[in-house]
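Visitor: Following this message is one structure expressed as structure tokens.
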């Protein structure tokens, strides 16, 4: 059997109350030790400035201008043009009073100004603190105060919220710089509390008038404090040094250069995940290292397809929900084909899959099938796509397989956390044995599993499984102002992720469960709620699902947002002709959903206490606006409980009455 990872240490049986730990695994490129770091690339500033020297005239940052509610073509700034603006913005920050080590917030949607502000921070050893553009005033208050932010770059539509009375943090700011313009009214409002405001143009002008030499960072300096959006509690400030960022990018370069179809300065990345999220941030850093181009979506995910068609990216990265929607769209189109064409599509799918499973690359498995059927799907992704990367949560094997067959490009899953700079593990392109897995350790990190006895996971057992622990050079330095939490997750030099993994015989890592959000039901059984949501979410009737249980109850309940298309087909089969919202109130639909969830539970061999016993049917998907999900669409469990407390209580009341 081909092995994809190197075992560099054997496992150790637990004694004296200590848990057992499994073998330590590394990337094959690191089997004899971590490769030496490129001495020219030791900071985030090096990544950018070296590419400016090598690729001054390459397109770096692209955006679409909206005029009279019409979205125009992509416009571009070259590496040289971006560099000139970075120098001006950096000089303006210094003129406004920023000193090395000052914290600078960036609050808004992805755009060129976001990156220019970030690089200006790097140029002067300032600490960049991203804020999700979806944050409410409470979270913004917390981060600005906790990180002690002095200056903030803000999307123009966010400035008003910053200056509202319930957003108390504004008073500590020295300056607010708009991505575009600031109205006279808001400038006056800010001046009343002693805060200066600048338009982007004014700030550039100030930098030109008062130029300052750059003051680049050392490798050990803090590059950024990234606050995790968090599914519960206050956000955590994850401290990342310049060395960690640079090491990750160099490691990514080494990893990608192994493959025949390499990334180059001609590649184009579509950025639509929040830049405040580690996955997008590090993808962009990697693209800047290559001298490649990054184009930003125009701010509306509902019409992302339009940006894809206009930009024609070669690389897309997203969370599973993004790829699930792509899959749903393709499936919908297939349903509309006549039976003959659908039969041909399915036959070509099986034919290409068979050759992929024999080890052929996606481009050589079946050029005929690609030409007849699948190139049309590739065209829907712009026609030039070469790599799809899914991260943030597990992508179902069925969807990953479907994308590998039909998108005519490499499709891989990755795994990581903000604390590990996102890319802790990454799959191999064209290796079908990696379906449903997250691949192998990154070049500069090590992975091992640790026993979780209460869940029955043993890293030294027949099927080695346990909590995923990470050690290496691409790691955070700790949680900002929170040494207790840092000590809690860092034990003996290993970061404990809270995720449960399994090491397959070929050395590949598979995510199988979640230690975090682990609850104990009243009968003493442990349940991993997020794991169940991932499983039940694979059913076509489910668009969104939140599973709830607690230690005072013996059964699980859920709030389900059904898939409108699936519901409408179900209704048509039964002769119902009501609108979707009305169908969701039908008791027949509720029973149908419970039946479907039971079928999914049986298919996945779940334990009986993991079955969903009651559901509340919701018509509206969980959204960021109501603070029910994070910016990457992960359920905010505490907020969901507050929002649906009445429905939860009612479901348990009815379940109790049935038992009497």
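Start at 1 and count along the chain as shown; that gives each residue its number.
Even glycines carry a Cβ here, placed using N, Cα and C.
Sharing the feature lines straight out of Swiss-Prot:
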type    : residues                                                   : note
BINDING : 225, 226, 227, 228, 229, 230, 231, 232, 233, 234, 235, 236 : ATP binding site
REGION  : 492-516                                                    : region 'Fatty acid-binding'
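Tell me about the surroundings of these features in the structure.
Guide: Within the same chain, residues at least six positions away from residue 227 (ATP binding site) with a Cβ under 8 Å of its Cβ are 129, 130, 131, 143, 147, 235, 236, 237, 238, 276.
Beyond its flanks by at least six residues, the region 'Fatty acid-binding' (492-516) meets 1-7, 22-23, 25, 394, 415, 417, 419-420, 425, 427, 433-434, 436-441, 447-450, 452, 455, 457, 459, 463-471, 475-476, 528-531 of its own chain at Cβ-Cβ distances under 8 Å.
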Visitor: Which residues, sitting 6 or more apart from residue 225 (ATP binding site) on the same chain, put a CB under 8 Å from its CB?
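Guide: Residue 225 (ATP binding site) has long-range Cβ partners 103, 127, 128, 129, 147, 237, 238, 239, 240, 480.
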Visitor: Taking DSSP as the reference, which of helix, strand or coil describes residue 225 (ATP binding site)?
Guide: strand
Visitor: DSSP says what for the region 'Fatty acid-binding' (492-516): how many helix, strand, coil residues?
Guide: 0 helix, 16 strand, 9 coil
Visitor: How does the model score the region 'Fatty acid-binding' (492-516) in terms of mean pLDDT?
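Guide: When the pLDDT values over the region 'Fatty acid-binding' (492-516) are averaged, the result is 91.
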